[in-house]
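The block underneath contains the structure these notes are about, expressed in structure tokens.
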Amino acid sequence: MADRTAPNCHLRLEWVYGYRGHQCRNNLYYTAAKEIVYFVAGVGVVYNTREHKQKFYLGHNDDIISLALHPERVLVATGQVGKEPYICVWDSYTVQTVSILKDVHTHGIACLAFDLEGQCLVSVGLDSKNTICVWDWRKGKVLAAAPGHTDRIFDISWDLYQPSKLVSCGVKHIKFWSLCGNALTPKRGVFGKTGDLQTILCLACAKDEVTYSGALNGDIYVWKGINLMRTVQGAHGSGIFSMNACEEGFATGGRDGCVRLWDLNFKPITVIDLRETDQGYKGLSVRSVCWRGDHILVGTQDSEIFEVVVHDRNKPFLIMQGHCEGELWALAVHPTKPLAMTGSDDRSVRIWSLIDHALIARCNMEEPIRCAAVSTDGIHLALGMKDGSFTVLRVRDMTEVVHIKDRKEAIHELKYSPDGGHLAVGSNDNSVDIYGVVQRYKKVGECIGSTSFITHMDWSTDSKYLQTNNGSGRRLFYRMPSGKEVTNREELKLVQWASWTCVLGPEVNGIWPKYSDINDINSVDANFNNQVLVTADDYGLVKLLRYPCIKKGAKFKKYLGHSAHITNARWSHDYQWVITIGGADHSVFQWKFVPERKSKEALHIAPQESLADSNSEESDSDQSDVPEMDSEIEQETQLTYRRQVYKEDLPQLKEQCKEKHRATAMKKRERAPGSRVKLHFIHGYRGYDCRSNLFYTQAGEIVYHVAAVGVVYNRQQNTQRFYMGHDDDILCLAIHPLKDFVATGQVGRDSSIHVWDTEMLKPMSVLKGFHQLGVCALDFSADGKRLASVGLDDNHTIVLWDWRKGEKLSAMRGSKDKIFVVKINPYLPDKLITAGVKHMKFWHKAGGGLIGRKGNMGKTETMMCAVYGWSEEMVFSGTCTGDICIWRDMFLMKTVKAHDGPVFSMHALEKGFVTGGKDGIVALWDDTFERCLKTYAIKRAVLAPGSKGLLLEDNPSIRAISLGHGHILVGTKNGEILEVDKSGPITLLVQGHMEGEVWGLATHPHLPLCATVSDDKTLRIWDLSPSHCMLAVRKLRKGGRCCCFSPDGKALAVGLNDGSFLIVNADTLEDLVSFHHRKDIISDIRFSPGAGKYLAVASGDTFVDIYNVMNSKRVGVCKGCLNYITHLDWDKRGKLLQVNTGAKEQFFFEAPRGKKQTIPSTEVEKIDWSTWTCVLGTSVEGIWPVISEVTEVTAACLSNDRKVLATGDDLGYVKLFRYPVKGKYAKFKRYVAHSAHVTNVRWTHDDSLLVTVGGGDTCLMIWAHEPEGHREFKQCDSEESDIESEDDGGYDSDVTRENEITYTIKALSSNMRPMTGVKPHLQLKEPSVDESGCAVVLRVSSRQQGSRPPVSRALPQPEKLQTNNVGKKKRPIEDLVLDLVFGYRGNDCRNNVHYLNDGADIIYHTASIGIVLNLTTSCQSFYIEHSDDILCLTINQHPKFPNVVATGQVGDTGDMSATSPSIHVWDAMTKQTLSVLRCFHSGGVCSVSFSATGKLLLSAGLDPEHTVTIWKWQEGAKVASRIGHTQRIFVAEFRPDSDTHFVSVGIKHVRFWTLAGRALLSKKGVLSTIEDARMQTMLSVAFGANNLTFTGTISGDVCVWKEHILVRIVAKAHTGPVFTMYTTLRDGLIVTGGKERPSKEGGALKLWDQELKRCRAFRLETGQIIDCVRSVCRGKGKILVGTRNAEIIEVGEKNAACNILVNGHMDGPIWGLATHPSRDVFLSAAEDGTVRLWDIPEKKMLNKVNLGHPAHTISYSPEGDMVAIGMKNGEFIILLVASLKIWGKKRDRRSPIQDIRFSPNSRYLAVGSNENAVDFYDLTLGPQLNRINCCRDIPSFVMQMDFSADSNSIQISTGTYKRLVYEVPSGKPVTEQSHIDRITWASWTSILGDEVVGIWSRNTDKADVTCACVSHSGLNVATGDDFGMVKLFDFPCPEKFAKHKRFLGHSAHLTNVHFTSGDHFVVSAGGDDRSLFVWRCVHAPH
């Protein structure tokens, strides 16, 4: 029998020939030790040129493509390709991994760069978004990530002179990034006119914000900031691939083969043309340069590395060579010398010296080479070519001997015969040709018969036979040299083969995996001497196997290094080395062979680290020497814990089902019951599939787990307390070293680990997000700070946590096989071990990853437990065969026999160990496992009298052991917990059923007892009184599913699974009688009530048998059911049976004969049932949940007082309903403790207890029942029912609007007006006569206003615009500075006005700017960094963070790009951004709140999930995030005294949240404590002492909550919705604001005491009918109020005086804007029906007029004494400015007036409307305003109008992008272009016309320029557009896409823009933001 283990010898990588120059750049550097670091294939290489030695880093598992050197030049970061690529940071000196960065990128990592300090690393992915990621690489943590660019990024670099700035470049772009918080914000480089927009390939940063970059055309682009400053033309002839900065300057390398050196100012120093040097060649291309001192390293495209010494730069040294691009297939070894020959698709053949590690000859051929062979005497080298020819060369001087072409297809294999006489040439033409060597290679034979191409061949030693393999997997034999096929296999039996390179044949069966027929092994070579075989495959693995290996799936050792397919592998002639060559990586690897005797000595050298083990796990042959697997372990390894439905999926399922059931949900549903239950005691302990899960706590209690409950058991009082935080089976438990906290891990789709306190039973931290399916092992570190966990996923992922912070420190795939235990090294918390099926692994942490090595133990055993010993390298593990293995480091020192059968648990003590095994023995050992000090056998004989039960069997299998308090605690597989006294007696504390489902449950008719029967084949009687013990147990021959006490309690009937049943004596459990009439399971069994004369027995084969108990005869059979029977009930008289079946049918039978009856449902309810355990029928209709498709209600039981129905279901819920449960989906109380399905529920005889049993969790749970009336106020665990009621107590228009609003993203906004036609910049112009090719020249003279323009042709062209800066030198405007903003966002935002600096300043926001207003000076200052509208604002109240503000904005999708929603944290005084948090709240951030310490920030989103997120804002790190609610959340606020508790309110919900580690736990508010309270829409929240929370509702009530339970309601605190509440920190008083009509008693603003009992109302003197307060804040003696009407008011607390600080339009858009002809005041008119007069110098609103209708446009008369207002309803009004009296009004149109204008001579009024018309009115005719004319034939609505200076013409811009000119007042169109060109206009507000084509930008496909205004000087035009930008252009701008400056701040859609008189200011009016911005004009100097 051949040895089936892996061979004992091994390979060590000795040399790699090659360097990766293709598709990579900047990957070659000098380290601090002056070694050279680079990479090739999947290996990092450190090459010492002085000693000519190489070291290898083997931590990657695929091609490396990027490399960065740490600034200290010792550490290297490399990035690889692959599906889940990772980055390794490693030490170039020790070549060991320092950190692994993973789980972010996909496809590959294209670039890497360290920052100046070396703390951060930036990486760029190869995914479609080219994600950029910044890492804290030591921790393996992502600091920030963002989409990089839509196209490839080639280089990235940190700015070495400014921290947190980066530059990236690539295809047609360069971007300048700034890192703030977790946000990477890009600015694109502006190429401008200085250079062409093109692809940038490399970068280097210099000081003063200068960046040098190399471009594709060979220029160097020099950037200053983000602008291109200059270019260095023709620095290289073509693309510059590499740029390297050093102390002396910069080195660049290009495709032209030159390297140039530049000084620090980028002046050229020298050029080195490598093409011209000795080793150079045409087409040399430089991919990487590195300049250090006087040495320069150069890497080329063709895999060479040159070293150049600067002063001798014409003689570069070639220090490394490899094959160039193209597949590498050919390999041959010299028969007598240490030489290897390779040939590649690059057409070169190369000879390598294996001793000197150097290339000694190369020769270029005409064709790509595919195979090679050396003749036996070593003289000839034959090469097979891709074109079907072959060439023979002399090895000595590489001269050609012959060149023969007989075939068309590639030659894939050729071999010389051992006698040297023949050459066999195998081609892809499916044939082998035989040539005679001495006959000058004449063809002497041909082998045919193969049906596919030839892949491998071997000669026999006597040269008489040849064997071949072909591509279809066939093996053929031929006689030589004739080439006849050998069909008779007998003659081959004695053939000896000279070499074995074939992949088929019995000797090499083992190279193939067991069940595969894949042909991915490319090459094999046998070493006959050492009986080993090397194979090379498509996955880049080199494997070493024994030769011969006859059985498939042999064990092997594997070596990584090549990245993709290895094409060939050969032993050297003396078997010292193995040479392998890579196809795609075209590298040659030379491996040293270490035979067995040597490998023993080599053990003391640390094994080469790699992520894959050298001892493979994949090999899966059934090893003959592995013992039989223990049955228990076998069972356990097969458990998967998969669930059909995970609890996490319920909310989604409910939502889906809700849609279907909307109609039913509207009906009145049954209320939840008044009584409740509370978990009291659990009989059960999970020992059958868990180990080491039982401990003493600090207080001496015992902690363990069962089902979904953590149990803390007090052995003195025999009571239990419960941790109920889990919602599914707990699988493992670990205890903190201080024994006060425990960690438990559960089953789940995304399973969680809870760390909780055993005293308070509160979660300290919840860890989730990394383990799928479940968590199976946990361990705390010795310092208690870390926690290790292992998941149940296929890779058994290991995660190391900082559990308090909830942070994942590291993670790694553990092993394919199940892991049973994880332990952290108590001395070095960075090390850990895992043990499990057939393995033991030793791990150490490296950044975000873990690096593991298998323990060396010869044969692999399954380990069940492990502990660390008394020093850091000692480890002890227990095996499945009963041995203890003793390890030192990773080496097995010895084994000690400890138990018969597996060792399941071990525990380390101060001076020794304790172990427990399947043999039921507890053994105490000394500290070296030399002596066993004492053993204890667990036997019934030694059971102490105080035990709480009975041992089922002697020597039960021990699964958990723990020591403390002078006792040994033992947990057994049978579910018992025992305490062993050191002196020997054993006490049983807790027990439950063993493995197997528990279904049968019956309670005694008049005693506190119950009976259970289970699939574990036992019947047990339990005492339910406080002694809580098992009174009796009896073994049955079969498992049972049901039982029942007789009415007198003396007999007990038990139904078994084989169709039999028995009746036993209830006291002694001895048989009275038994029957066996059925084959299927007995599913229910019931005595008839009263005397118990009859017994009904239901079985799985659809029958109910009725027996007479007295004479033991069957008296009736109930037939007619179609499915198995699930439930039975008798009526009170014992005459009628009710039956439920598995098909949800309900039947009735008469007893005792069993006749079927049909009873209408109305009658069923009247029948008096003795018991009710059925789940069907109208009286229990409401117990079926909304999601009844996925879950069954398995059990029900009605209390004896007929009031409460308890049910159990498949999801593990126990629910209570009010009986009868009529109508669908009744409300309930539900309790989670069982993990999977609850199989049965029963009330005790007096309803004081509810008893439930769980199927899979084997538990018997006892619940105490508190009926209604027992109202001591307790925490209740119940949750309310599935569907919220639809009645939410009220409707309010403001709330509805706020809920349904969708915020426009500026960048995506579209037209505001319904435009049609072709946009101006896309229209084709017809040249006019006048223009005749020359552009219009503007000559401007300072003419008096009103003078007539000349009309004669001869004179020069008139100016376009009349100007009125008389006598001044006119200066253009250079810039606009935001000076004033009138507006506040109050109509759809709340809680957004705050005091700063003790009330000296206030802060608020509008549009996208934050405004700080100083109350003494009325000066405003602005925060303008937001890119889109701000929706929420909060201030940090902690004194450590004064004036710190957070604002959240709207955004697009949450993809972390620049348009993502973000939160800015900034300093209100300096306006400095402190942090930017990009978030996944797609849609926007609607609420922000700081925590008590000020360090955390809470945000709530508008995304469909309404996510809530907690941030550490200073680091920009996300702490936790969770789906908030299905509907809109309005506000989420931290409790003012907490960093972990917050409350969220919104549409029909309030939730109370706790942050535990990184998890957010929430509880819904519980209303059931107050009669008729219903969940309303909650709008605001405030806080009081002692965990009180106040929430304001839509109906005006305020709810008062204690913890999460409603304690009272302050009815009608306001008459309308309570929109805002504010908690004053210093005195606890609460301010509320709502919607209310002002009256004597009440107002919309109230100040309350701390409990919300008394209040004082304030009236806001605003003159509104209804006041609506949206924001309140309380300062010293003042209250600040923000209203829905955009006012901010300060109210004095003492005198209630109101002072309006800020005014604004309350509804928009503000369409009308007019500036006064001579003063700095202006008017605005808006949709809110008001016209307001604003004073710029005074910074305030002077007046406002309510018009009663929405206004649309407004205009001053030329003298400023009259104002005309156009309304939305078609009316217009003229007011006198002095008195604000109406001078006249008229309504001639029905649709909105768009523009209204006085003529410059004040005579005419022009009114333009949506009815495609302009009406003229003559004002001299008095105020009756009769229309004198109108302009017709206007193609669309009128937008803007301008009069000419002489009042004779008017220009109109229309909705079809056409500009028209008409005569005034006749209304005739002017069509002659020459006439139009000579008109001088009094004003210019048109967005159309040749003079302003340049204001239209390229990206206005959806959106438009909406308004424009030319300055009074006529030199500038200001525009506003749908994107919310104000832009400043020169006027005129006839060139398309003119240059401009842009000013941001407004929301989408600007409606109007105007210059004030004298061009002092520009005023812009917002559409969406209802705000007016005043910009100060900065004029150019003279």
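Even glycines carry a Cβ here, placed using N, Cα and C.
Computed from a predicted structure; not experimentally measured.
Summarising the annotation, TrEMBL assigns compositional bias 'Acidic residues' to 615-634 (among others).
The compositional bias 'Acidic residues' annotation in TrEMBL covers 1278-1291 (among others).
The annotation domain 'EML-like first beta-propeller' is assigned in TrEMBL to 53-307 (among others).
The domain 'EML-like second beta-propeller' feature in TrEMBL is assigned to 328-592 (among others).
For 719-979 (among others), the entry in TrEMBL reads domain 'EML-like first beta-propeller'.
Residues or ranges marked as domain 'EML-like second beta-propeller' by TrEMBL: 998-1264 (among others).
Look at TrEMBL and you will find 1420-1690 (among others) tagged as domain 'EML-like first beta-propeller'.
If you look up TrEMBL, you'll see 1710-1977 (among others) marked as domain 'EML-like second beta-propeller'.
The region 'Disordered' annotation in TrEMBL covers 604-634 (among others).
Summarising the annotation, TrEMBL assigns region 'Disordered' to 1275-1294 (among others).
Per TrEMBL, the feature region 'Disordered' maps to 1341-1368 (among others).
Among the features that TrEMBL reports, repeat 'WD' is placed at 250-265 (among others). If you look at the repeat 'WD' (250-265), the same-chain residues 6 or more away from its ends with a CB under 8 A from one of its CBs are 202, 204, 206, 212, 214, 218, 220, 235-244, 271-275, 280, 283-291, 296, 298, 308, 310.
Residues annotated as repeat 'WD' in TrEMBL: 330-354 (among others). The helix, strand and coil residue counts that DSSP assigns across the repeat 'WD' (330-354) are 0 helix, 16 strand, 9 coil.
Feature annotation from TrEMBL assigns repeat 'WD' to 404-435 (among others). Counting residues 6+ beyond its ends, the repeat 'WD' (404-435) has Cβ neighbours under 8 Å at 329, 370-377, 380, 382, 384-392, 441-448, 450-463, 466, 468, 470, 478, 480-481, 483, 498-499 in the same chain.
The average pLDDT the prediction assigns to the repeat 'WD' (896-926) is 88. Among the features that TrEMBL reports, repeat 'WD' is placed at 896-926 (among others).
The annotation repeat 'WD' is assigned in TrEMBL to 1231-1263 (among others).
Beyond the repeat 'WD' (896-926), the same-chain residues lying 6 or more positions past its ends with a Cβ under 8 Å from any Cβ of the stretch are 630, 632-633, 691-692, 864-869, 876, 878-884, 886, 932-939, 954-963, 968, 970, 972, 980.
Same-chain residues lying 6 or more positions outside the repeat 'WD' (1231-1263) and placing a CB less than 8 Å from one of its CB atoms are 643, 677-684, 686, 688, 706-709, 722, 724, 727-730, 747, 975, 992-1008, 1010, 1012, 1014, 1016, 1022, 1024, 1028, 1192, 1194-1201, 1204, 1206-1215, 1277-1278.
Across the repeat 'WD' (1231-1263), DSSP helix (H, G, I), strand (E, B) and coil residues number 0 helix, 18 strand, 15 coil.
Take the domain 'EML-like first beta-propeller' (719-979) and the stretches 53-307, 998-1264, 1420-1690: counting Cβ pairs under 8 Å, 53-307 has the most. Across the repeat 'WD' (896-926), DSSP helix (H, G, I), strand (E, B) and coil residues number 0 helix, 20 strand, 11 coil.
Across the range of the repeat 'WD' (404-435), the DSSP-based residue counts are 0 helix, 18 strand, 14 coil.
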